[in-house]
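Pulled from Swiss-Prot, these are the features on record:
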- Cys27-Cys42: disulfide bond (DISULFID)
- Cys33-Cys47: disulfide bond (DISULFID)
- Pro51: proline amide (MOD_RES)
- 1-21: signal peptide (SIGNAL)
Amino acid sequence: MMRTLLVFLLLAILAAVLIGNIQVEACKVLTDCNHSNAHSRCIKGRCVLMPG
């Protein structure tokens, strides 16, 4: 019983990590953020909305 629970927990953690990695797409260059908003800029791997 305990072993089954441990395996299930490990699989759930693995699935959560994989889903998180798919959702977080790091930008590498300035133009990677143009699809979401014209005023977005790539800063430290994330698309950040810039004022103006």
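Yeah, the Cβs are placed from backbone N, Cα and C, and that goes for glycine too.
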- Message: Should anything in the same chain at least six residues away from the signal peptide (1-21) have a Cβ under 8 Å from its Cβ atoms, list it; otherwise answer none.
- Response: none
- Item | Other CB atoms within 10 A, centred on Cys47 (disulfide bond) | 18
- Running the recorded positions Cys27, Cys42, Pro51 through a 10 angstrom C-alpha radius around Cys33 (disulfide bond) leaves Cys27, Cys42
- Sorted by position, what residues of the same chain at least six away from Pro51 (proline amide) have a C-beta under 8 A from it? His39
- Message: Check the DSSP secondary structure of Cys47 (disulfide bond), expressed as helix, strand or coil.
- Response: strand
- Message: Tell me the coarse DSSP state (helix, strand, coil) of Cys27 (disulfide bond).
- Response: coil
- Query: Distance between Cys47 (disulfide bond) and Cys27 (disulfide bond) at the Cα atoms, whole Å?
  - Reply: 7
- Which one of these disulfide-bonded residues has the most other Cβ atoms within 10 Å of its own Cβ: Cys33, Cys42? Cys33
- Note on the structure: CB contacts under 8 angstroms to Cys27 (disulfide bond), restricted to the same chain and 6+ apart in sequence, sorted by sequence, are Cys33, Cys42, Gly45, Arg46, Cys47
